[in-house]
Structure formats: structure tokens, C-alpha cells
Amino acid sequence: VSEPGYNSCIYCGSSAITMDDVKNLIKKKDEIEEQIKAYYDVLEDQGVGVEGPLVDAEGYPRDDVNLYQIRNARHNISCLQNDHKAIMAEIEEALHKLHAREKAKRGQDEVEEEAMEQQVTLPPPFARVDSVTEGSPASGAGLRLGDEIIEFGSVNTENFQNLQNIAAVVQHSEGKPLRVSVIRSGQKAQMSLTPQRWSGRGLLGCNIVPVQR
């Protein structure tokens with residue numbers, strides 16, 4: 001169950017923020033992610049996912065699944081995702097404040113905090129680029145072998161279920177630019193990828209595999 005109080009940052013108003021405060025926020029973030037995963041597991045066990053229909057072909061409530069469990073899990077996932085966004089904003093704000101104080105105290109010696117900020121504000125990847133064909137739309141957009149995907153059009157870490165999600169976005173976006181965000185060498189990189197016909201197979205010219213989470 002979601003814990004209240006994530007919507008107002010309890011540390012961000014303080015000028016005496018410490019690294020321990022940031023670590024406590026990160027711990028809360030991890031707890032929220034564990035809860036979200038647990039509810040996704042409930043939906044997976046029921047075989048419906050987040051969007052699966054709860055009525056049969058004739059419009060009657062399905063009797064082959066636990067409707068209460070599914071509705072409860074979907075509701076809690078929605079609430080927890082809001083909590084997750086709020087806690088990520090708190091972490092970012094807390095790190096900025098910590099950053100500013102350390103910068104004033106130590107001048108340019110702030111590499112460690114920058115690395116931590118990058119680490120905690122990047123969501124975990126849900127897929128990885130396994131191959132890119134030269135001359136393809138993917139290659140032209142700047143996608144590279146080994147890029148870890150955290151956003152592909154409307155698909156992101158929070159709503160990704162399987163590669164069909166990406167395939168559906170590609171099919172519906174032929175000739176339209178998609179925003180793609182990846183983690184490359186520990187840094188976030190963004191690009192615009194337009195699925196389109198080319199001399200090779202498919203609309204992208206790259207192979208994407210899911211990342212085990």
C-alpha cells in the first residue's frame with residue numbers, strides 16, 4: 001500500500017541537507033519500485049496486465065480471474081507511480097541543494113555528486129539495442145549497439161510489458177518521429193527516430209531485446 005507524504009519534500013526546504021537525507025529518499029524510491037513490481041506480478045499471475053479486459057465477449061464480468069485483486073493492483077500501481085514521480089523529483093531537488101552547498105564549499109570538486117545525480121535520476125532500462133544495420137533509420141537517428149532503452153515513444157520503464165509494446169508503437173508511427181531515450185556509457189542520450197521503409201527489413205533496421213528486470 002502506498003505510503004502518504006511523498007508529495008511534499010521533507011528535506012528540500014532545509015539548507016542543511018546531508019547525503020544521508022538523499023540516501024533515505026533513495027531507499028523510499030526503491031521501496032516504491034518494489035511495491036510496483038509486486039502489483040505487476042499480481043496482474044501477470046492473473047494473465048490480464050494493466051489494460052486487459054475484465055468482461056467477457058458478452059459484456060459480463062469474467063469469472064476466470066480475481067476481479068477484486070486485479071482492480072486493487074491496477075489502482076495501487078497508478079497511485080504508486082505518482083508517488084514514484086514525486087520521490088524522484090524530491091531526490092533531484094535534494095541533490096541540487098546538496099550540489100550547490102558542496103560547490104560553494106569545495107569549488108569544482110563535485111564529480112561524485114554529479115555521478116550520483118545521474119545514477120538516481122535515470123530510470124532502469126527495459127530493453128537493449130542488440131544490433132543496428134548501417135544505412136537504416138535507426139542508424140541515421142544515432143542509435144548504437146548496446147544502447148539501453150528507457151523511453152521509446154509512449155513506451156517507458158513504467159508501462160513496458162513486452163516487445164509487442166514497441167512493435168505496436170512502430171507500426172502506428174510510420175513516417176512520424178518518435179522520441180527515444182537511452183542510457184549510453186552511464187549517460188542519458190536522446191534522439192528522434194522515424195520508422196520508415198528503407199532498403200532493408202522492417203521500419204527501423206535494428207534489433208531490440210528486453211532487459212531482464
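Here the Cβ of each residue, glycine as well, is placed from N, Cα and C on the backbone.
Just so you know, TrEMBL annotations are computer predictions that nobody has curated.
Now, the feature entries from TrEMBL:
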| type | residues | note |
| --- | --- | --- |
| COILED | 70-97 | coiled coil |
| DOMAIN | 112-186 | domain 'PDZ' |
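Averaged across the domain 'PDZ' (112-186), pLDDT in this predicted model comes to 89. The helix, strand and coil residue counts that DSSP assigns across the domain 'PDZ' (112-186) are 24 helix, 20 strand, 31 coil.
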